[in-house]
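In what follows, a structure is listed as structure tokens, so that the remarks can point back to it.
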Amino acid sequence: QVGNYKRTVKRIDDGHRLCNDLMNCIHERARIEKVYAQQLTEWAKRWKQLVEKGPQYGTVERAWCAFMSEAEKVSELHLEVKGSLMNEDFEKIKNWQKEAFHKQMMGGFKETKEAEDGFRKAQKPWAKKLKEVEAAKKAYHAACKEEKLAISRETNSKADPALNPEQLKKLQDKVEKSKQDVLKTKEKYEKSLKELDNATPQYMENMEQVFEQCQQFEEKRLRFFREVLLEVQKHLDLSNVASYKNIYRELEQNIKSADAVEDLRWFRANQGPGMSMNWPQFEEWSADLNRTLSRREKKKASDGVTLTGINQTGDQSSQPNKHSSSLSVQSNTVQSVQSSYNPFEDEDDTGSTVSEKEDNKIKNVSSYEKNQSYPTDWSDEESNNPFSSTDANGDTNPFDEDASPAMEVRVRALYDYEGQEQDELSFKAGDELTKMENEDEQGWCKGRLDNGQVGLYPANYVEPIQ
């Protein structure tokens, strides 16, 4: 019908818009792949640090860490998926759209205008004849209406004695004339309709030809979309990627290789009765050694969490001991294992907010809190025995925190001091810090810098702030 070809023409414009929609769809999926890969990497980095510094050991530790290795490898694959989607699929659609649709200077697309002109040209002769048919039809119906009205007037006039013969003659002439008009308009209407019918086959052929051209153009787009979607499916389907299967095959092997008997044997040889002993021997007096031993006694009484290395002699197991090096972790900060990225926070959050939330996450991990070595110092004095008779009577609980901590005092540094060991503070003259414990018999105090670091410093290097 006249004008209905516009739906077919509009489909061309819709094809261009659908190309944009498909590109946006692929772009969003690529962004999801990238974010997921980043989250996997951050998760693997954070938990690898926690497991390595936690109390787990041996083959089970390696099996646990295998999950982090799996996440890192899968992250790389998803980054490859993201690259394939953007560099291959997205660009392919973009280039095809540019080649298939040509914009005009006056707006719209060349393909749309050509299709519309083709339909209009094919429809113009037939539309003209259709217009003539409508006009003839209208004239014929008007003549029929006039004839009926004239016949009705003539019939009514015969029953009216007031009318003279001359008036009756006029009404009869009107009826006769209207009948002739009906015949003429009917003949013209039938003739125009016949001409329209004769022109219809050619009209249909011309319209079909233009329509088929539009169909071919749309077929190219549909086939192209199917081809692109299949390529996207191949890029997203990691189950057919050999390296993806190898990742989980390797993960399964690492988990199955965990051996409880081997881990228990290693712990006995390195942390239990089977470990080599450094039996006491005669040692000459040394000022540095005396100072270090005194410091150790002081650190034993502190409430900070200190991991002290165990010096072993003799042959050791081939399995490395991750607790063999000294590691100090302050009780109020865990910045050494903070994650630099939180995937569940907005990108425009401040760094301090992310760090605080990462601190809370890490502090809530029990394996990190338990990551500590037990001191080898011992004493037979009653005051150092947590299971003494006083504790047994219920007066104190050796597992409760100190109920009466020392009074904290703000002090100012008088001189520069550079820490000589890991548990010593470093500061400049004029810096302020908080003294947490009073001076011991060796002249050392425990304090906290404003950045949260806790450690020891010489008592005579500071003065109270008045």
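Just so you know, glycine gets a Cβ as well, placed from its N, Cα and C.
All TrEMBL annotations are machine predictions without curation.
Residues or ranges marked as domain 'F-BAR' in TrEMBL: 1-263. If you look up TrEMBL, you'll see 168-199 marked as coiled coil. Annotation comment: TrEMBL describes 294-406 as region 'Disordered'. Annotation comment: TrEMBL describes 308-323, 363-376, 384-396 as compositional bias 'Polar residues'. Residues or ranges marked as compositional bias 'Low complexity' by TrEMBL: 324-340. Here TrEMBL flags 406-466 as domain 'SH3'.
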Sequence-remote partners of the coiled coil (168-199) [C-beta within less than 8 Å, at least six residues beyond its ends]: 125-126, 129-130, 132-133, 135-137, 139-140, 142-144, 146-147, 149-151, 153-154, 157-158
Whole-number mean of pLDDT values that fall within the domain 'SH3' (406-466): 89
Helix, strand and coil residues within the domain 'SH3' (406-466) as assigned by DSSP: 3 helix, 27 strand, 31 coil
